[in-house]
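> Quick one: structure below, then a few questions.
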Amino acid sequence: MLNNAMSVVILAAGKGTRMYSDLPKVLHTLAGKAMVQHVIDAANELGAAHVHLVYGHGGDLLKQALKDDNLNWVLQAEQLGTGHAMQQAAPFFADDEDILMLYGDVPLISVETLQRLRDAKPQGGIGLLTVKLDDPTGYGRITRENGKVTGIVEHKDATDEQRQIQEINTGILIANGADMKRWLAKLTNNNAQGEYYITDIIALAYQEGREIVAVHPQRLSEVEGVNNRLQLSRLERVYQSEQAEKLLLAGVMLRDPARFDLRGTLAHGRDIEIDTNVIIEGNVTLGHRVKIGTGCVIKNSVIGDDCEISPYTIVEDANLAAACTIGPFARLRPGAELLEGAHVGNFVEMKKARLGKGSKAGHLTYLGDAEIGDNVNIGAGTITCNYDGANKFKTIIGDDVFVGSDTQLVAPVTVGKGATIAAGTTVTRNVGENALAISRVPQTQKEGWRRPVKKK
């Protein structure tokens, strides 16, 4: 159906006392992203014209964390209930738009469920998201007459009979802006909590003869809120289980779905194998037939076809062409690039460095601010000395170079194509093509040498 223009209000003013944290509750992360950011992203994907964020506790931290989002910041100086929070945002509502109310601590609400709620909202009425629980203790109950929603009664205000009702309010609703403002103006705090309940607008709408349509979410986890770290950890596992299931059904082999974390987005080819305790962060792309060993962390990187990443390797903001092998215990930092067939072995670190086709850095090496050609061998213990204490400098190594073990290349320096660097050499000047560079001191040998002994 054709929807009206819509704006979203996200309530995020709570202190989150039970989190026992100096960080505002809604900034605690789920799948590597602040809870409230999940909700903002859903609102934007839904096509919200404006997103009004009602805040109170930790406003400066919220504004810093969400500075890249186009938000209208609405201060709720005193936390006097959900109705009071909406009253603070009401001056920004247009009469001819729909207003969708969401919560910053309900992070798993889906765009699909919200779209169904939006579609179900009757003209002049309210769309209400509800669920049925076996144990509804503590939640507002949905009251009905002849099947029609008549109101919401908070648990503390409910009679014994009303507390037997299993259908409860999730707090998520949508209504017309003009209607919302009129109903908000009529709210009172005549209840056990002494607060202004947004739920009271349901009874006000019913009294006006307006229709209230209840919609259920696809999954209960979509409407579960977070008040403490235990609840947050449980939602994290729910989310990760759902993501793992999607990947398995799409052909990705997760050796143990319960020990895999996706904290971003994963684009992938066919025949991917991912071992246990792997973490994917940010935006990651895996080509066909990629294998990732246990304990790896891959963040904001592109991994080409037929690459193999051995256990306990960290890859961040890096690009690997086809058929590269890295690890175990390797670290690719931002700006690392491996061309086709390159190899980075154990205890090798790369940063802002390119390793050419078929080139190898087998072990115990640091390559920073370096450009390394094709078919280069980097011996164990090689270090590009790129920093003089104030500035960074570049090392350039041409094709077909052999770098012996325990070599230091003091940048800025260039090693020409086909050159050989002898083991133990400190390179401080450019090396010409096909030349041998060696800077070791001559070896001396003392016959019959006796080791020192400890004094008694």
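Every residue gets a Cβ built from N, Cα and C, even glycine.
Below are the features listed in Swiss-Prot for this protein:
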| type | residues | note |
| --- | --- | --- |
| ACT_SITE | H363 | active site, proton acceptor |
| BINDING | 11-14, K25, Q76, 81-82, 103-105, G140, E154, N169, N227, R333, K351, Y366, N377 | UDP-N-acetyl-alpha-D-glucosamine binding site |
| BINDING | D105, N227 | Mg(2+) binding site |
| BINDING | A380, N386, Y387, S405, A423, R440 | acetyl-CoA binding site |
| REGION | 1-229 | region 'Pyrophosphorylase' |
| REGION | 230-250 | region 'Linker' |
| REGION | 251-456 | region 'N-acetyltransferase' |
> Could you state, as a whole number of Å, the largest distance between Cα atoms of any two of A380, N386, Y387, S405, A423, R440, the listed acetyl-CoA binders?
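The acetyl-CoA-binding residues span at most 23 Å between Cα atoms.
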> Out of R333, H363, R440, which of the recorded positions has the smallest number of neighbouring Cβ atoms within 10 Å?
R440
> By a simple count, how many Cβ atoms lie within 10 Å of the Cβ of S405 (acetyl-CoA binding site), its own Cβ left out?
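For S405 (acetyl-CoA binding site), the count of other Cβ atoms within 10 Å is 18.
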> Counting other CB atoms within 10 A of each CB, which of the binding-site residues N227, N377, N386 comes out lowest?
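Selected from the binding-site residues N227, N377, N386 on minimum Cβ neighbours within 10 Å: N227.
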> Per residue, counting other C-beta atoms within 10 angstroms of the C-beta, which of the binding-site residues G14, G104 reaches the highest number?
G104
> Can you break down the region 'Linker' (230-250) into helix, strand and coil residue counts using DSSP?
20 helix, 0 strand, 1 coil
> Within a 10 Å radius of its Cβ, which of these binding-site residues (L11, A380, A423) has the fewest neighbouring Cβ atoms?
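Least crowded of the binding-site residues L11, A380, A423, by Cβ count within 10 Å, is A423.
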> Count, for each of the binding-site residues D105, E154, the other C-beta atoms lying within 10 angstroms of its own C-beta, and report the residue with the smallest count.
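Each of the binding-site residues D105, E154 was scored by Cβ atoms within 10 Å; lowest is E154.
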> When the Cα of R440 (acetyl-CoA binding site) is compared with the Cα of each of the recorded positions G81, D105, R333, H363, which one is closest?
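Among G81, D105, R333, H363, H363.
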> For the region 'Linker' (230-250), find every same-chain residue at least 6 residues outside the stretch whose CB is under 8 Å from a CB in it, and list them.
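Tertiary neighbours of the region 'Linker' (230-250) are 28, 30-31, 35, 107-108, 221, 224, 257-258, 260-262, 266, 268.
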> Measuring Cα to Cα, tell me the gap between A423 (acetyl-CoA binding site) and N377 (UDP-N-acetyl-alpha-D-glucosamine binding site) in whole angstrom.
12
> List every residue in the same chain as G81 (UDP-N-acetyl-alpha-D-glucosamine binding site), at least 6 positions away in sequence, whose Cβ is under 8 Å from its Cβ.
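Result: N189, Q193, E195, Y196, Y197, I198.
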> Just counting, how many other CB atoms are there within 10 A of the CB of Y387 (acetyl-CoA binding site)?
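Summing over all protein chains shown, Y387 (acetyl-CoA binding site) has 12 other Cβ atoms within 10 Å.
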> List only the single closest residue to R333 (UDP-N-acetyl-alpha-D-glucosamine binding site), chosen from the binding-site residues D105, N227, A380, Y387 by CA-CA distance.
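Nearest listed residue in space: Y387.
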> Quick check for you: of the binding-site residues L11, G14, A380, Y387, which have their Cα within 10 Å of the Cα of D105 (Mg(2+) binding site)?
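Within 10 Å Cα-Cα: L11, G14.
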> Could you round the CA separation between L11 (UDP-N-acetyl-alpha-D-glucosamine binding site) and A380 (acetyl-CoA binding site) to a whole angstrom and send it over?
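Per the Cα atoms, L11 (UDP-N-acetyl-alpha-D-glucosamine binding site) and A380 (acetyl-CoA binding site) stand 56 Å apart.
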